[in-house]
């Protein structure tokens, strides 16, 4: 072999080595950043109790949400019930608008009689289970007097709950052009409700946390409207992942939450499932694939990823102290410091085999307190920082993530004599320190 060929061979080996070295980390990075591939315009998955995001794709992009809008309608009704402003057994008689929409067979509806009387409970179940549009408008009128005023409440509540990118234009999620010319004042005929996937997760989390009874209704696979009357009608749930339905999910208990579909929104679904104390909330916007099951196929991918790879782990128990942050200084107190502890247990969804990759992160409101100090005074926040190689999506709301650090006991203010003696001691300690520094400087 001549020298020229040797050089060419050596150069080829160098190039090959560099290529393998460079490409290997890139492959690893890609795998880390894309643990699953969700075929939808946007998606997100969170663990409910901690707000930890387990997966996210275009989650901050505002998109049409179709009938998932009814989750806000349900929230406002349940709030009104809780506040005593509306009762389950109070009755409602449809006005011309609600009657007209209820007779539109091209929309999801239970037909309502113009002179009929319907309880709030009946209208709520028709909305939550069968996504009945006229029933949702009726709820809006019951709660706010008109759908226009209800839409104002929807947007105000969205802001209050911490949503950041949203636009609610009606109580149903229908495109306004399908409201037979009755779109709420201040909205145009071409509008429909739009919310980001992340904000839908925020809404779902609040709905389940604030009014967990929603799951008692959203988990009903099928029932009847006005059973035993001339108006009896089957009401199957559009959430096919419920037990006994065509896309039933068997690894965990699916008990909600809301589907949605319009021409512009495509196929959407906010789902929730629980297993072994871990509740997962998912959102899929404009899912691709099969028209009827695509949103459930994509949700299944997220559920599988969560329940196959994560479990809830208690990072700190209630009353635990964090190494390096066991106390905080107290000015003018009988004691010069006080212990600080967690105010409740801190648990997170931890990926299998990665427990060691979670490190405590403490943020104190200030470096010291001033006596008197009451037991249970909040002094800071404890969260966990992921230090592993996998993709970390953070929390749904970083301000609310983690648990509070609070004082372990009371600290009374020291009396004037003790404070005076401390001041004198500090004064002489300062003088002595100056003398020592001066003498030390001579040698």
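Glycine is treated like the rest: Cβ placed from N, Cα and C.
Computed from a predicted structure; not experimentally measured.
These features come from Swiss-Prot:
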SIGNAL    1-31  signal peptide
ACT_SITE  67  active site, acyl-ester intermediate
ACT_SITE  70  active site, proton acceptor
ACT_SITE  131  active site
BINDING   258  substrate binding site
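Taken residue by residue with DSSP, the residue listed as 'active site, proton acceptor' is part of a helix.
For residue 258 (substrate binding site), the number of other Cβ atoms no farther than 10 Å from its own Cβ, over all displayed protein chains, is 30. When secondary structure is read from DSSP and collapsed to three states, the residue listed as 'active site' falls in the coil class.
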